[in-house]
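Participant: Below is the structure I would like to discuss, written out as structure tokens.
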Amino acid sequence: MEVEADLGAESMKDESFFGPLDILLITALLGIAAWWFMKDKKKEDGYKSYSIQPTALGSSSDTSGNSFIKKLKTSGRSLVAFYGSQTGTGEEFAGRLAKEGVRYQMKGMVADPEEYDMGELINMKEIPNSLAVFCLATYGEGDPTDNAMDFYEWLQNGSADLTGLNYTVFGLGNKTYEHYNAVGIYVDQRLEELGATRVCELGLGDDDANIEDDFITWKDKFWPSVCEYFGIETMGEDVSIRQYQLVEHTEINTDRVYTGEVARLHSLKNQRPPFDVKNPYLAPITVNRELHKAGNRSCMHIEFNIEGSRMRYDTGDHCAVYAKNDDENVEKLGKLLGVNLDTLFTLTNTDEDSSKKHPFPCPTSYRTALTYYLDITSNPRTHILKELSEYCSNPEEQVKLKSMASTSPEGKQLYNSWIIQDNRNILHILEDMPSCKPPIDHICELLPRLQCRYYSISSSSKLHPTTVHITAVRVEYKTPTGRLNKGVATCWLADKKPSPVSAPPPAEEESPPPPPSTALVPVFIRKSQFKLPTRPQTPIIMIGPGTGLAPFRGFIQERDLYRKEGKPVGDTILYFGCRKKSEDYIYQEELEEYVASGTLKLYVAFSREQQQKQYVTHLLEKNKEELWNVIGENNGHLYVCGDAKNMARDVHNIVVSVIKEKGNMEEAQANTYLKKMEAQKRYSADVWS
């Protein structure tokens with residue numbers, strides 16, 4: 001044994017301390033550690049989009065860092081209005097409150113919580129008579145907007161002492177969604193828990209009804225509460241205060257003029273990754289085909305080529321499209337305002353301390369502003385009508401506009417009937433009130449920004465990594481006044497026909513633009529939580545009538561690919577509904593092929609092919625055993641996509657009923673079970689109203 005031990009010791013002298021296997025394991029562990037660190041960093045980077053402030057020189061203008069306290073102190077302000085906004089409404093409301101603060105001896109500023117250190121809220125007490133207002137939207141399944149995510153998580157995970165902070169919250173939500181105004185409600189309660197003082201009761205706006213009415217009604221309570229709390233009085237009449245100063249250019253280097261870019265000058269000519277909300281990618285349309293077989297409605301299948309863009313998407317994500325306003329409407333508006341649309345101009349914020357130097361990229365032309373930057377088709381809010389009234393030479397028209405801008409019951413009723421129900425936009429108002437002649441620069445200041453449109457991606461990234469598919473219904477309808485209203489994005493996309501030109505070269509440091517004959521669309525990808533189970537063998541049920549089918553087309557493509565690769569795939573069940581099989585049964589051939597190959601189990605409801613209308617919810621009720629088998633006995637996933645107001649609510653009620661009946665539970669237990677499914681992402685909804 002001693003000899004064997006000596007031989008072993010001698011042989012160890014000839015070997016290195018670590019064997020090849022040891023070195024391999026250590027290398028693998030180091031690699032995993034590096035990957036984990038980079039994954040978190042990428043995740044963090046993925047949720048933040050770099051911001052480029054558009055100025056006359058296209059350079060960043062914010063030099064004060066991320067301290068809103070410093071800005072408040074150096075500029076003599078006491079009111080800060082934070083916004084959480086996905087479509088611009090929350091930002092608009094915050095801006096209106098900050099602007100009105102002057103009347104109440106509270107000079108205000110608007111702030112994006114993503115751009116500031118929100119931990120500084122603990123120092124608000126250092127500013128006398130200070131107030132923080134939060135205009136926060138809720139979207140998705142009770143989620144904060146992208147720009148408010150960090151602030152929301154800070155409130156959830158932190159325990160800062162906010163004693164001395166005076167605050168109020170206005171939430172923006174939609175009652176057709178289950179988690180109505182969840183973010184506003186939570187922030188209001190959490191700030192109080194952390195010691196802050198609520199100055200005015202929580203306001204809740206419902207976008208499914210009339211969120212403008214909700215806001216101005218709440219605002220009528222808000223300012224009196226502020227005055228009472230701080231012991232201040234108003235400073236006279238509510239007069240119009242211009243926020244931006246106009247300069248029209250007679251001599252300017254046209255190479256420095258914006259022509260429709262979202263932020264960076266020449267970004268649509270010289271494409272540079274990464275591509276995001278501030279820097280969209282010009283994607284060529286390779287396919288644009290009609291899906292409806294008959295009838296007077298239109299549904300388009302559109303494919304974007306993203307090869308070389310470095311953009312990646314996951315099945316279930318959203319594709320955002322930056323569209324442009326109709327040229328005919330822009331021309332009409334220019335004539336009504338009596339201007340040369342090709343005049344170059346700049347609007348500069350009169351508040352030198354504001355981080356928002358311009359309402360949109362400047363310098364530019366009036367034509368570009370009305371085409372690419374301003375929303376000229378939505379119903380104007382009441383504050384716009386109030387400012388328009390000042391330009392009416394006809395007393396009756398002036399009184400009518402002022403009435404609609406008021407909070408009186410008669411004014412609200414008139415606004416609801418004449419603006420909302422009759423669906424009038426700025427163009428229609430100026431047509432119907434010929435004495436109203438506002439200057440175009442004031443119109444450019446008043447109108448909100450034209451927002452991008454989001455579409456559920458209807459393809460699988462595993463099957464189509466270099467193309468993004470969307471499914472969009474063309475919007476076109478007659479208003480009660482006999483006018484033809486067109487959907488900004490869908491009607492614009494309908495005219496974008498692909499050409500045989502090949503895709504652009506990969507976007508490296510800078511890439512030349514594709515040839516002008518190519519149908520190009522500025523797009524970017526927005527991440528979604530609407531995802532397939534990580535295990536393909538998990539059974540799923542998808543409920544998506546109409547274009548609600550879009551994300552499920554990607555889901556089915558992916559499950560079919562797994563099946564062809566020999567992987568075990570669970571039941572893939574789809575409930576689809578449309579009006580008539582001969583008209584709007586979109587992707588019929590594809591779906592039937594998936595059924596024939598064994599990938600898909602399909603239930604289709606044709607609502608108008610029999611006297612009694614039949615919807616997907618009727619079919620779901622007939623299959624309670626199968627529904628419970630998937631969600632109750634096999635921990636499957638349930639997905640809903642489409643109309644939030646009726647279909648999604650009915651599905652929710654059916655699921656609760658099935659859990660009660662098949663799971664032998666009381667109402668409260670069934671609701672708890674469903675909440676648990678939601679928390680586990682086993683019950684997901686991608687819905688709209």
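For all residues, glycine too, the Cβ spot is worked out from N, Cα and C.
Quick paste from TrEMBL:
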type	residues	note
DOMAIN	79-223	domain 'Flavodoxin-like'
BINDING	85-90, 137-140, 172-181, Asp207	FMN binding site
DOMAIN	278-533	domain 'FAD-binding FR-type'
REGION	497-517	region 'Disordered'
COMPBIAS	501-517	compositional bias 'Pro residues'
Participant: In the domain 'Flavodoxin-like' (79-223), how many residues does DSSP assign to helix, to strand and to coil?
Facilitator: 65 helix, 35 strand, 45 coil
Participant: As a test of reading the model: what is the averaged pLDDT for the domain 'Flavodoxin-like' (79-223)?
Facilitator: 93
Participant: Once the chains shown are all counted, how many other Cβ atoms turn up within 10 Å of the Cβ of Ala137 (FMN binding site)?
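Facilitator: 30, counting other Cβ atoms within 10 Å of Ala137 (FMN binding site).
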Participant: When the number of other CB atoms within 10 A of each residue's CB is tallied over all shown chains, which of the binding-site residues Tyr177, Tyr180 has the maximum?
Facilitator: Tyr177
Participant: Going along the chain, which residues six or more apart from Ser85 (FMN binding site) have their CB under 8 A from its CB?
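Facilitator: Sequence-distant Cβ neighbours: Glu91, Glu92, Ala94, Cys135, Ala137, Thr145, Asn147, Leu172.
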Participant: Just to verify: the residue among Gly88, Gly140 with the fewest other Cβ atoms within 10 Å, which of the binding-site residues is it?
Facilitator: Gly88
Participant: Starting from the Cβ of Asn174 (FMN binding site), draw a 10 Å sphere and report how many other Cβ atoms land inside it.
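Facilitator: Excluding its own Cβ, Asn174 (FMN binding site) sees 22 Cβ atoms within 10 Å.
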